[in-house]
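What follows is a short report on a single structure.
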């Protein structure tokens, strides 16, 4: 008979009868009674009153009965903690039972009883089980440590269980190793700062050895652990890849995806020139293809992961297009995902195949799928230029079918094709206009209106067509209303005499009868433009449009890199980092791919080098390595915060004392709370931001600028130079210079629009740099920048941004965004903008520091043909915060002893010898001493710049 009998009962005094049966002398009766208790517990009845009677049944050799009692205990221990203590002795005894199954059962149950009172009694039995001779007991005990850590972390650390767990990684049994890794990973996730899994080549070797003999779940734990390791060089990465590759042929899809994750991560470190790199690419395709023959739910998970892999390395699956063709019985969610990947893999080589397939899909019955297929045809046209003509004719064939939703989707994508290939396919406009009446969806109506407005000069009855839309203006969606307003203004600018009434009608509808602020604002702007300067209106409204790009839905590169590290997890299905959907953020660590080796840049950006890499010439492009570009493409700069937060990859780049142990560490010498992680930079006008960062004595003397502070005239300002020529930035020219006035650093910019269209939505961001320079406020360009207009802006800076040593030291890489694109340039800032106002040392301190700095840190320089005497030199340098501590005259030569301090707390000491030469010019000899000698050359350049200009 089945166990279902335990769930049916007709008795009234059930608890009472169960109590009697539990205390029966017959073993069989006891077992039956416990089963009935568990059955009642399972369906939600409260049987906690039987606690003492059930616990009495623990004293048995029968394994089945013991399991049932332990199950009951786990459920009720929390609500009956005092009673649960009765069971402790039995646990301790069971942990020494000769049967390993019972020892393991006892230790497993102990881990599941989440009662503080009991926990401390369980430490001794657990310690014994961790060193048990039977591997089954050891592997169970390893997991128990993780459970115990969740209940009482401090206890686990005090008892030294973590060290025992680390020792188990070297265990001879692969399952014990896998469980130890799983337990340590679990604990490490809840304590991201602790370095529990201290992986090194030796421990990695042990894990790889255990990998071959583990169960499938053990393999997943080990592979996930390997994915968190960063090999020291490409040779180690290759050797790990070679030993992980056999896992690709495993029957369990989770093992396959975990292996793919490890390989995708370590491929970053392999040079593309290696033969092995090519072999690895070939080996990765078959297992991914095999995943697509599983059941639909698994296929979907595999497809979501493949979507990420194809974006990162399309070459892996470029020859596997056919497996992504849709089957008639695929569920809709699989079909849509396959369609997405087909577009990503579309290329000139396979486009004919893809288009034939997509045309087939467009005649299916599933409306959502058909829509997506029609869109896909448009995306192919935009992606593969050679196929555009064929795509357009395919779309026209589909329009001839007169199926309403097909026609509407086709019109939406043809609008994009017009944007991508202007003046090429406009002959089809007549066909589109025939279908005007059947359009009922906002997006299709808006697309059609855009086409009519954009090509009004080619459509004879454009005014009639637009007027027909105008009749129900207030019933249209906002998207259509905005498009209609713009289209009629375009029409008016192209045919002013015939459409004056129409434009007045739409402007009054938009401004007087509408309550939508966007529509009203746009209406007023057009009205004022047309009434004040029709020529300007023409330049604005009929400006040349930028071409649209092929892949608008690619995942942003830094997010993609992070998601690659989460292949095979929920994050890879949602395409969101765990922090976006894990509540409370416990245990969420941002991961990133290992830094690339010099010869293995990603396919997307062959021209970029890793950040801070020494290069012969000035880099024009900000490297992908610095996470600066993380959110630049959707840059929405809020209020100024004291510098961007340190991103994860900065840890690998080493944001430590990059200038090599200065007098104070690079970001040191700051009281807590100033320049600390939560410091919000004040507006430029109030407190000079750099005073705050450099002061060691807190806020008390923030405004005490008297001790040797430069005059208010400020330091020397270099003339503006062109930093970004218009040719490289689609018409935007940026010139600029840096200034320091009364403790505030600013970047004085001059933006000139040499393009034919208006520029708006400006924003700026800096890459990490040697001194943490960062904008202290957003880039404020108050009005749109019209063609041939120039605007001057002073951008306040602070020095609380992220730090990374640059080459050269004063290199600053900048990204500027506007409505057209994001542009990158780099410039060198003069070091004297970082000389702070409290840089005057007293004499004793100067003498002691000069002696204390080793002689090999002294650098000698010459400044020739200076036209100033000692007084003038001293006063000019003082205005740039280089302070004279003492002055002597030795054998007719003036000697100035000077000190200056940088914003990050590094002091530089100088001895300046002034030798009178011919009457009007003198030569200066400069000796500089500093604990960070890399700075000396740049300080000398600052001296020369200040004294000669």
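Using N, Cα and C of the backbone, Cβ positions are placed for all residues, glycine too.
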* Annotated range (TrEMBL: region 'Disordered') out of 584-625, 626-667, 668-709, 710-751 -> 584-625
* Secondary structure content, the domain 'Clathrin adaptor alpha/beta/gamma-adaptin appendage Ig-like subdomain' (716-826) (per DSSP, counts of residues) -> 4 helix, 55 strand, 52 coil
* Secondary structure composition of the domain 'Beta-adaptin appendage C-terminal subdomain' (835-948) [DSSP: H/G/I, E/B, coil] -> 38 helix, 47 strand, 29 coil
* Quick one: average pLDDT across the domain 'Beta-adaptin appendage C-terminal subdomain' (835-948), no decimals. => 87
